[in-house]
């Protein structure tokens, strides 16, 4: 019933989502479409709760702020990690309570801190002395700020993307900041060091990294308690990734194989141990983004243009004629003859293909912006009608998006099968940091999402 409020289309049991999308594109004459499968989203939340029942997920809105995804996750019991007032407004629009939102941007503008308080949100992260002072200065006298110190992971997290270069206080900084906060509270009693957060990075393959970070939070908790604070929160950040999302990472083949269940088992045990240190009222939260948003979104785009570039034939097979004029004349006749041939004719004559250029309905200014901003190498599948195209014979190929920008290239000089106009490219597990960064450059509309549900969940 919670999912039915979104009026989703129903995918029958015997219909694959790819078949559904291709039929939809053909019937509606679309060159691109995306699909949100609420059944998959629900299963991801259920998986989280089964593996780490002690940790409440606060969805990272930045990952995919589509209103259906955000609202659905609220209905399924999630809070929200927000990085701006606009994201906080999206979270509140779902019906979420202000205490279900953390303003998890360690460096904020003063005006945005004030806006958060005006919306009733008082939980903020920080990682510097000046940010702490800024938050205190902008906390109304009638409210109490709940400040969460973001720490730097104390060990190598073996992550695909590390965030320590931008955010996170080191061990020494963290100790100094807690002591500085204790000194400030003698003058400014309107705040509390409410807890600690960290982020191990995207695609972390080390369960022990989470464990060490939680242990560091416990150590800092004891220091804060000794100085009069009462921390109650451990925020384990994000970094969790699904098997489908993993395939979009450039170096996924070199990453150590580890499952969400393996990481979750270690994290759950570490959190249960931390409960004894933090005491009554302890709350463990997390900030998963792609773990929820990736798998529930699938993209399909159609090939609407193709150029085949043939290799120059050269002079090796020309008849040798002594008279220079006759050589030139013969060469010109041959070039004129080839100019009248079609691509099909040249291929039948075994003319070597140097490169194939394809033009499709989605590009770098749309969902494939994650190539630039998320270090992605999208895992693509190719279909003729609804039949998968397998790679027997390949040609060096480029795939361009629909804009006029030559940099709008989603795949460059890669071996691909020869595609025809009307063939489809399908990308599964493509909801993380895709729609969120899409633009309408060149006046090309952002590819919209069709909301669906599987027949078993209706």
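Any Cβ shown, glycine's included, is placed from N, Cα and C.
Residues or ranges marked as domain 'Orn/DAP/Arg decarboxylase 2 N-terminal' by TrEMBL: 41-293. Per TrEMBL, N6-(pyridoxal phosphate)lysine is recorded for 62. Taken from TrEMBL, the feature domain 'Orn/DAP/Arg decarboxylase 2 C-terminal' applies to 337-431. The active site, proton donor feature in TrEMBL is assigned to 404.
The Cβ of the residue listed as 'active site, proton donor' has 10 other Cβ atoms within 10 Å, all protein chains considered. Shown for the domain 'Orn/DAP/Arg decarboxylase 2 C-terminal' (337-431): DSSP residue counts in helix, strand and coil, namely 16 helix, 33 strand, 46 coil. Taking the Cβ of residue 62 (N6-(pyridoxal phosphate)lysine) as centre and 10 Å as the limit, one finds 20 other Cβ atoms among all the protein chains shown. A separation of roughly 28 Å, to the nearest angstrom, links the Cα atoms of residue 404 (active site, proton donor) and residue 62 (N6-(pyridoxal phosphate)lysine). Secondary structure from DSSP puts the residue listed as 'N6-(pyridoxal phosphate)lysine' in a helix.
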